[in-house]
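**Q** Okay, these came from Swiss-Prot:
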type: ZN_FING; residues: 2-53; note: zinc finger
type: DOMAIN; residues: 216-365; note: domain 'JmjC'
type: BINDING; residues: Thr255, Lys275; note: substrate binding site
type: BINDING; residues: His258, Asp260, His333; note: Fe cation binding site
type: REGION; residues: 475-510; note: region 'Disordered'
Amino acid sequence: MPNRCDFCTSSSTKDKQQWTQCDGCDRWVHDVCVSITDPVSYAKYHCPTCTKTKGPSLYKRQSKRKKIDIDYAAMHSGNVDMSLRTRHVHSSRFTDVAASAQNKEPFKRVSGTELTLDWAQSSDGLNEPVIVPKEYKDTLGMYIPEDLTVRQVAEAVGMESPVEVINVVSQNGSPGWNMGKWTEYYEDIEGRDTILNVISLEISASALGKTIVRPTLVRELDLVDRVWPTNTDAARESKPRVSLYALMSVEDSFTDFHIDFAGSSVFYHVLKGRKSFMFIRPTARNLAAYSQWCLSADQNVVFLPDVLSPDSDIYTVHLSPGDTMYIPSGWIHAVHSPQDSLVVGGNFITPLNMKTQIDIAGIEVRTKVPMKFRYPLFAGVMWYYVLQLLANPERLNTMSTKERDGLNSVAEYLSGFIKTMSPTMKDVQYRRFVANFPMEIRPFPGKTLLDYCAMLDFYPKGVQETVDIDIRKKKGESKEKHKIESQLPEEKILQGSKLESKEEVQTENF
């Protein structure tokens, strides 16, 4: 969102509610400061500076770039009716870049029979998005009702069930919606006066969700299904629910660039309509640029590919009804809906992408992603993974190289996670924190972590400090110290660990 005009002449805030972007330098200006009375009359607008170097503004001619008139003051104040009069500011730019010859889809379109667990575990398996076209959908080991409708989704979860609806222009939530109201909006094509989107309706616990079978590869890779306990009602109830979503988008919906929470992988099956994706390869340089973009005050008006280096890899994928796509861990992407669409998909953490998943969880902390948009109980999944490996150490001898390469990252992550414990945490923060620790490792989870490190023969710097950390929150009491008989051999303390400070290892923004 623009926050500065280089030509300010008025001190009145009221006069500065309308902005226009210069086509010459891309700066945003207050209309009142540059005497713009009718911004939509320009085919190409030049600010006073650009007028001197690029010539005057042009009127009533076809511009190469469609002008977008967005009331940012209304968006900022939450006035939804005023802010939803146009497309998302990046929709046209997305279409232009997607049409560029160098951004054509490079990814494989294959039969589902090729996407085996052995393939995923290989060095070149599931490193890039991969598409299974409609003609091969029966090879995925998947069942989703192909005639599913938005109304049937609503009936399955309950018409009165609340649903998170996204205001496409602002990319913020629009409160007060339930599935009944959403269904009426979606079906009333002529009556729509806004562009709204539903992308976070989790349906695995619904009657509909219980009839759906995810692709075989997803079920084989899903770490939560592998490690989360199911022996008690409480354990089953607390299991993270991210495996099945119904995504319902109207024409011209747009989701800005993002990475799925905690770097989780995605499967995505289109039932109705078409979807267009723009992917950015998750290189270290691109992830750094993405992090800076997320923190920028101008994020809403800056198209991410425009701030990447010219040689960055950007790819476009178009999906039609019946197509299925896998999105690997960490890929940055934006999504546009050229038509009304209905999609069933889901997220899954894998044991093959631990370092990437943990790195993305760290980016979420640094970019201040709200807790509601992070992977639920991510650290808890890591602990149950550790417990399973400790119970079956022989797995180290048979696991794939990809999985083994991520084990040290888990140790580093959990060492840092324990150290975020503070007796001064607010109650809600503490409850969120402690919920990640299985009962069998409380109140001193560092002992379990040390056992895991011993199994790996890998000791992150400072891991010994975790052994004495009691995660019980005690007010007005001295903390009992927990001692262990054996201490870490000094030569095992890693001096080169990247985890040098509490700030760097913090994994939850409590």
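Glycine is treated like the rest: Cβ placed from N, Cα and C.
I'd like these features described in context: how deep, what's nearby, how far apart.
**A** For the domain 'JmjC' (216-365), the DSSP-based tally of helix, strand and coil residues reads 51 helix, 47 strand, 52 coil.
On its own chain, Thr255 (substrate binding site) has Ile166, Gln171, Asn197, Ile199, Ala334, Val335 as residues at least 6 apart in sequence with a Cβ closer than 8 Å to its own Cβ.
For His333 (Fe cation binding site), applying a Cβ distance below 8 Å and a minimum sequence separation of six or more within one chain yields Phe257, His258, Ile259, Phe277, Met278, Phe279, Ile280, Ile327.
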**Q** Over all shown protein chains, what is the count of other CB atoms within 10 A of the CB belonging to Lys275 (substrate binding site)?
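**A** There are 23 such Cβ atoms around Lys275 (substrate binding site).
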**Q** Near Asp260 (Fe cation binding site), which residues of its own chain have a C-beta under 8 A away, given they sit six or more steps off in sequence?
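**A** In sequence order, Val266, Ile327, Asn347 meet the Cβ cut-off.
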**Q** Counting every protein chain present, what is the number of Cβ atoms, excluding its own, within 10 Å of the Cβ of His258 (Fe cation binding site)?
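**A** There are 16 of them.
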**Q** Starting from the Fe cation site formed by His258, Asp260, His333, give every other residue of that chain whose CB sits within 8 Å of the mean position of their CB atoms, in sequence order.
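**A** Everything else in range on the chain: Thr255, Phe257, Ile259, Val266, Ile327, Trp331, Ile332, Ala334, Val335.
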